[in-house]
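Asks: Mind looking over this structure? Questions follow.
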Amino acid sequence: MMTSKINYYIDLKRFDYKKCLDIQYRLVSMRKNDLIGNTIIFVEHDPVYTIGRKADPRNYSNVNVIRTDRGGDITYHGPGQLVSYFIFDVRINGKKEVKTFLNNIENVYINLLKNLGYSASTGDEPGIWIEKNGKLKKVASIGMAIDDYVSYHGVALNINKEVLNGFIKINPCGLPPAVMDYIDIKRDDAIDLIIREIEKIYGKFNKIEYEGLIS
């Protein structure tokens with residue numbers, strides 16, 4: 001949906017998962033009421049395991065989890081991972097186009113990875129995959145939700161080897177932990193590349209502090 005509101009992105013740096021979820025809910029309400037434009041939250045969480053609506057307990061028998069309303073199964077968030085939450089109006093000409101929106105987000109990450117020299121694609125399983133040492137490896141997990149016509153939750157991109165330790169205790173999205181991998185990129189560089197790709201689809205995004213957005 002076209003809006004006169006300015007698109008923004010927020011960088012919360014290192015931030016608690018539950019507190020960030022509360023921020024998402026607040027921004028979703030604001031987006032539904034057209035008080036803000038499309039908004040992205042960038043964040044790195046303290047170590048945490050979260051489960052989505054399709055979670056299978058057999059995939060996380062040895063860890064404490066936070067239950068969420070996103071799609072998907074269990075995943076891990078922690079240092080070495082850049083999480084992007086997309087608070088977007090998914091309507092096109094007044095019609096809710098969830099599939100188009102999801103394809104757009106997937107293509108942002110596929111193009112980002114291709115620009116870094118990786119052969120990237122979606123696969124039979126959710127997420128973004130690259131070919132590494134002759135094997136397909138998952139470097140980004142996707143889990144979204146839609147409230148009426150506004151998206152929330154998002155994409156977790158592994159950007160440092162440190163994050164892989166968090167997947168050892170679970171079957172992420174029902175898969176063996178060995179499928180998870182990472183790309184070696186600085187956090188700020190990854191944000192810049194995501195913004196560059198998203199602006200090709202949704203127009204200009206300006207950086208803002210969270211307090212400035214809700215004031």
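Every residue gets a Cβ built from N, Cα and C, even glycine.
Take a look at what Swiss-Prot says about it:
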ACT_SITE  Cys173  active site, acyl-thioester intermediate
BINDING   Arg70, Gly71, Gly72, Asp73, Ile74, Thr75, Tyr76, His77, Ser141, Ile142, Gly143, Gly154, Val155, Ala156  substrate binding site
DOMAIN    34-215  domain 'BPL/LPL catalytic'
SITE      Lys138  site 'Lowers pKa of active site Cys'
Asks: Across the listed substrate-binding residues, Arg70, Gly71, Gly72, Asp73, Ile74, Thr75, Tyr76, His77, Ser141, Ile142, Gly143, Gly154, Val155, Ala156, what is the farthest Cα to Cα distance, given in whole Å?
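Replies: So the maximum pairwise Cα distance among the substrate binders is 15 Å.
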Asks: Relative to the Cβ position of Tyr76 (substrate binding site), how many further Cβ atoms are located within 10 Å?
Replies: 26
Asks: Could you tell me the C-alpha distance between the residue listed as 'active site, acyl-thioester intermediate' and Arg70 (substrate binding site) in angstrom, no decimals?
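Replies: Arg70 (substrate binding site) has its Cα 12 Å from the Cα of the residue listed as 'active site, acyl-thioester intermediate'.
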